[in-house]
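Visitor: To start, I am sharing the structure in question, which I have written as structure tokens.
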């Protein structure tokens, strides 16, 4: 009787056994019997080849350059002054002790002079009138402060002595016109902006170079406060200070915009 052509011969030279259910090696693609189906048993030519597989879940991360900080971000957050990478918590100059912080001071001095000129123009330039206006603003802020303390949102873990309260007027087009908030006196303006944005659920793309920046603006001058200054610095200023219990404005501005226009329209 003729032999049926069923199955295949094992490719191991000293074996050549016909197997009706042969195994195909996924390494060398050879045909083998049950005894020689493992790579070791048939001396597979591919057994020592290491195939690199792409890691589909691997993401590039960026470590913070601030000493002692172990935070990482999925996007690069580079300080435009010292050009080092930081986490969102340390991205502002004052928060990472930027080595280039002094460079901005001459420009800020000129900006402060411009603010004084604007305020003087609005008040007629009279010193006595200016002092009277400042006293009036301070008194109004003290009255407002008592009301703000009753319903302001903020970090409840902050000591009472470090809390500073504001009526924060939100960007045009927001669902709410304003929101009472309190912040730590020692925070940088940049951190105040980030915290206020989270409380009011505002879009905050301050870490993107091309996007409009969310800025905290002085009332009544409309000056966009430098992100690296501290809140305490503006509370203790002799000229054009921020008042605990006073008003501030949040708005999206381009990098070249240093002042907010139509300040009164936010307060109406």
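Indices start at 1 and increase along the chain as displayed.
Using the three backbone atoms N, Cα and C, a Cβ is placed for every residue, glycine included.
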Visitor: Labelled zinc finger by Swiss-Prot, one stretch among 58-106, 107-155. Can you tell me which?
Guide: 58-106
Visitor: Among the residue ranges 4-52, 200-248, I'd like the one that Swiss-Prot describes as zinc finger.
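Guide: It is 4-52 that Swiss-Prot annotates as zinc finger.
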Visitor: Just counting, how many other CB atoms are there within 10 A of the CB of residue 25 (Zn(2+) 2 binding site)?
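Guide: 19, counting other Cβ atoms within 10 Å of residue 25 (Zn(2+) 2 binding site).
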Visitor: How big is the gap, in Å, between the Cα of residue 15 (Zn(2+) 1 binding site) and that of residue 42 (Zn(2+) 2 binding site), rounded to a whole number?
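Guide: With distance taken Cα to Cα, residue 42 (Zn(2+) 2 binding site) is 10 Å from residue 15 (Zn(2+) 1 binding site).
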Visitor: If I take every residue in the region 'ubiquitin-like' (160-260) and average their pLDDT values, what number comes out?
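Guide: That region's mean pLDDT is 93.
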Visitor: Hey, how far is residue 33 (Zn(2+) 1 binding site) from residue 25 (Zn(2+) 2 binding site), Cα to Cα, in Å?
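Guide: Between the alpha carbons of residue 33 (Zn(2+) 1 binding site) and residue 25 (Zn(2+) 2 binding site) there are 10 Å.
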